[in-house]
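Under the heading CoA binding site, TrEMBL lists 206, 207, 208, 209, 324, 536, 597. Residues or ranges marked as ATP binding site by TrEMBL: 400, 401, 402, 424, 425, 426, 427, 428, 429, 513, 528, 539. TrEMBL lists 550, 552, 555 with the feature Mg(2+) binding site. For 38-95, the entry in TrEMBL reads domain 'Acetyl-coenzyme A synthetase N-terminal'. The domain 'AMP-dependent synthetase/ligase' feature in TrEMBL is assigned to 97-479. According to TrEMBL, the domain 'AMP-binding enzyme C-terminal' annotation covers 544-622. Look at TrEMBL and you will find 622 tagged as N6-acetyllysine.
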Ligand code: WT7
């Protein structure tokens with residue numbers, strides 16, 4: 001991005017690009033404050049994982065100690081992943097009860113509503129305790145038992161945190177469905193998870209717009225007869241439909257129960273939650289995380305990666321509907337007894353200054369957000385940032401997709417005023433917590449690189465045949481051994497778990513990402529190498545979008561690929577062939593785009609939709625996506641080997657009518 005010269009005292013030009021050393025003031029108080037310290041601890045974590053993790057696990061309160069630290073095998077014919085076996089604990093107890101002695105009156109979170117003129121809330125640990133216990137008792141009263149599945153379809157309101165922790169408290173398994181998903185997507189997830197209980201709200205509020213959550217839920221439940229109770233939070237007071245006997249008001253129910261509820265004693269390997277994520281097949285996978293290992297990992301990474309100290313104000317601006325919200329709004333930070341911000345709104349509402357105003361309002365020290373948000377704010381111009389103070393900020397973080405150096409440097413210079421290190425954290429729904437990341441008091445930063453592995457994480461780069469590449473390398477990112485936060489299985493589809501992650505390179509966990517390692521051993525994540533695209537940090541399966549398109553009566557065939565998008569990272573590009581009797585038109589294009597939004601949810605908005613008489617196929621009938629990706633990226637001069645095409649004229653036509661110019 002044209003950056004050649006060092007720009008300040010902390011940036012050195014190494015001959016390989018810009019390098020930013022940790023600011024001295026930051027380093028001084030950091031837990032890990034030098035590369036020697038990092039290396040020493042890292043080496044120990046790899047040479048003696050049992051010893052390392054036995055020690056780290058002490059940060060959690062166990063009702064009964066574990067007898068075995070690690071019992072894992074990545075052999076696809078005999079795969080098992082178990083951590084802290086024999087240990088008994090409760091995640092909600094760890095996030096709430098154990099803090100009460102010292103910090104009952106400390107604010108656990110400040111809730112900042114969508115509309116800045118609406119009054120927010122400050123919830124102390126004591127209040128959190130009572131709210132969670134009450135809700136846990138409501139769930140029990142409604143017959144929810146340990147091991148039952150509860151679907152949570154809520155906006156970013158305090159009740160979302162209460163709901164997750166109430167489930168954890170009684171040993172019910174929560175399955176949070178992002179509030180931007182459609183009724184159909186919600187129904188699919190309820191059915192796959194065999195959930196019997198749903199917690200939702202009348203409506204959500206985002207950027208001043210109402211999201212009809214209860215209406216979506218009603219529609220979803222037409223397909224889900226096993227859901228017997230729907231608990232409804234009143235957020236907006238908007239008009240909703242009511243099903244007597246099934247629907248219950250949250251605010252009424254919590255009045256009927258006690259504010260004490262003993263935590264269920266859970267095994268370390270009991271499931272805590274599952275969360276759906278897209279892969280290369282049409283059906284999202286229920287990624288299962290268990291209790292002990294997940295909590296140890298979320299809490300440890302939260303403390304070290306964000307260098308979280310007692311008294312810091314922390315803000316993760318993700319949504320609870322994604323893993324980032326699970327690990328770094330709920331379980332990691334609350335296990336560490338933080339004070340944090342829970343934000344209902346969006347960074348640019350009512351204006352592009354909002355995020356910085358919230359930082360000033362709560363004196364946020366640590367901010368964790370996404371490259372998409374940073375790029376969108378950068379585009380609005382520096383004045384929105386500069387009119388705020390931001391003096392409280394000490395550390396900045398990013399997650400979800402590769403960050404381009406230009407956006408990184410803007411975040412560093414304009415937002416953080418060259419005072420705040422940036423932690424570019426690579427991880428996945430499947431990994432439970434951060435895997436490759438700087439440690440902000442130690443790691444010299446390179447814009448665009450997630451840098452080095454966290455303790456206990458052994459990344460490697462392999463070629464197509466699974467050979468491990470040493471030194472500087474370019475290939476596919478795998479992880480060689482288990483870590484406590486790793487997913488354990490795909491809900492009700494263990495074969496799919498083994499198949500998806502452990503068979504392509506037997507004995508190794510395959511991330512689905514391509515990556516490069518440089519001369520200093522730093523990792524640079526290139527992006528997905530499977531049919532997953534990353535739109536604004538949302539992981540979307542192209543197969544899901546294709547399936548939604550062909551549901552429309554006019555569509556014969558569809559192929560969907562990602563293409564580089566200035567703000568969103570990747571945009572969605574769909575190639576569509578029509579059935580006989582249907583003609584391409586702008587109106588039909590709009591109809592198809594709306595159709596997909598309706599089937600899957602508004603985050604699945606196709607950016608470019610090209611009608612074509614045919615798709616490029618091999619003689620055996622396989623769609624050549626590589627060619628479509630090139631055309632979508634407007635790299636049509638360089639299509640690579642096209643000799644296996646059944647009909648080369650198809651490509652000419654596609655190039656002629658390409659939409660991204
Ligand atoms: C995929 C996982 C982990 C929470 C949010 C996304 C991409 C994630 C980075 C990063 C480059 C990143 C990868 C990964 N990704 N963080 N710092 N740099 N790419 O979770 O929805 O499970 O998506 O997001 O491609 O595989 P997810």
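Even glycines carry a Cβ here, placed using N, Cα and C.
Here the features listed in TrEMBL are placed on the structure.
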| residue | record | contacts (Cβ under 8 Å, 6+ apart) |
| --- | --- | --- |
| 206 | CoA binding site | 114, 155, 344, 345, 346, 349 |
| 207 | CoA binding site | 114, 345, 346, 348, 349 |
| 209 | CoA binding site | none |
| 324 | CoA binding site | 316, 318, 368, 399, 400 |
| 427 | ATP binding site | 323, 399, 433, 434, 435, 436, 437 |
| 528 | ATP binding site | 512, 513, 514, 534 |
| 552 | Mg(2+) binding site | 591, 592, 595 |
| 555 | Mg(2+) binding site | 549, 576, 577, 578, 579, 592 |
| 597 | CoA binding site | 182, 604, 605 |
| 622 | N6-acetyllysine | none |
Expressed in Å to no decimal places, the gap between the Cα atoms of residue 536 (CoA binding site) and residue 402 (ATP binding site) is 11
Please compare the binding-site residues 425, 429 by how many other CB atoms fall within 10 Å of each one's CB, and tell me which has the fewest.
429
Cα-to-Cα gap, residue 550 (Mg(2+) binding site) vs residue 429 (ATP binding site), nearest whole Å:
28
Give the sequence-ordered set of same-chain residues, not counting 550, 552, 555, with Cβ within 8 Å of the centre of the Cβ atoms defining the Mg(2+) site.
548, 549, 551, 553, 554, 556, 558, 576, 592, 595
Which one of these binding-site residues, 208, 400, 402, has the sparsest Cβ neighbourhood, judged by other Cβ atoms within 10 angstroms?
208
Secondary structure content, the domain 'AMP-binding enzyme C-terminal' (544-622) (per DSSP, counts of residues)
22 helix, 27 strand, 30 coil
Ligand 1: which of the binding-site residues 427, 536, 555 have a Cβ closer than 6 angstroms to it?
427
Which one of the binding-site residues (536, 550) has its C-beta surrounded by the most other C-beta atoms within 10 angstroms?
536
Taking only the residues in the domain 'Acetyl-coenzyme A synthetase N-terminal' (38-95), give me the average pLDDT of this model.
98
How many Å separate the Cα atoms of residue 425 (ATP binding site) and residue 208 (CoA binding site)?
31
In the domain 'Acetyl-coenzyme A synthetase N-terminal' (38-95), how many residues does DSSP assign to helix, to strand and to coil?
26 helix, 15 strand, 17 coil
Please report the distance from the Cα of residue 402 (ATP binding site) to the Cα of residue 208 (CoA binding site), rounded to the nearest angstrom.
30
Please report the distance from the Cα of residue 429 (ATP binding site) to the Cα of residue 208 (CoA binding site), rounded to the nearest angstrom.
29
